[in-house]
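Pulled from Swiss-Prot:
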DOMAIN    5-47  domain 'SpoVT-AbrB 1'
DOMAIN    76-119  domain 'SpoVT-AbrB 2'
Amino acid sequence: MFLGTYTPKLDDKGRLTLPAKFRDALAGGLMVTKSQDHSLAVYPRAEFEQLARRASKASKSNPDARAFLRNLAAGTDEQHPDAQGRITLSADHRRYASLSKDCVVIGAVDYLEIWDAQAWQDYQQTHEENFSAASDEALGDII
C-alpha cells in the first residue's frame with residue numbers, strides 16, 4: 001500500500017529518487033503515466049497491466065474510450081529503478097507535469113503520484129477546504 005507524502009528532488013538528468021519504503025514494491029518494474037491534474041502516476045507493473053486490460057475492454061466504437069486508451073498507452077513509460085532507487089522521467093512527462101527540481105511524491109493507496117511541489121501546494125489550497133464535502137459526495141457509504 002502506498003501512503004504518505006515525500007519531497008524528493010529531480011536531478012539535472014531528469015532522475016527522481018523514489019521513497020525507500022516503496023522500492024521493494026516497485027523493484028519488479030513500474031509504469032509511469034500521465035494522470036489527471038497534470039501529475040504523473042506510478043504503478044507497479046502488475047497493477048498497471050490490470051488497469052490497461054480493464055481499459056481495453058471498453059467499446060472501441062466509443063470515441064471517449066478510444067481517446068482514453070490512446071492517451072494511456074501513448075503516455076506510459078516502463079521504468080526499472082536503479083541501485084539508488086532512481087527512475088528517469090522522460091522530457092515529455094516532465095513537461096506534462098511542469099516538474100521543477102522540487103517535487104512531491106504522494107501515496108495514493110495502489111499507486112503513487114508525482115507532482116511539481118508548487119502545483120501540489122496550489123492543488124491542496126484549492127481542494128483542502130472541500131475535502132469533507134467531496135469525500136461524502138465521491139465515496140458515499142464506502143467510508
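Each Cβ is built from the backbone N, Cα and C atoms, and glycine gets one as well.
Since the structure is predicted, the reported quantities are computational estimates derived from the model, not experimental observations.
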Margin query: Please report, as numbers and ranges, the same-chain residues at least 6 past the borders of the domain 'SpoVT-AbrB 2' (76-119) whose CB is under 8 Å from any CB of it.
Written below: 1-11, 13-20, 22-23, 26-27, 29-35, 38-45, 47-48
Notebook entry, point to check: Within the domain 'SpoVT-AbrB 2' (76-119), how many residues are helix, strand or coil going by DSSP?
Noted result: 9 helix, 19 strand, 16 coil
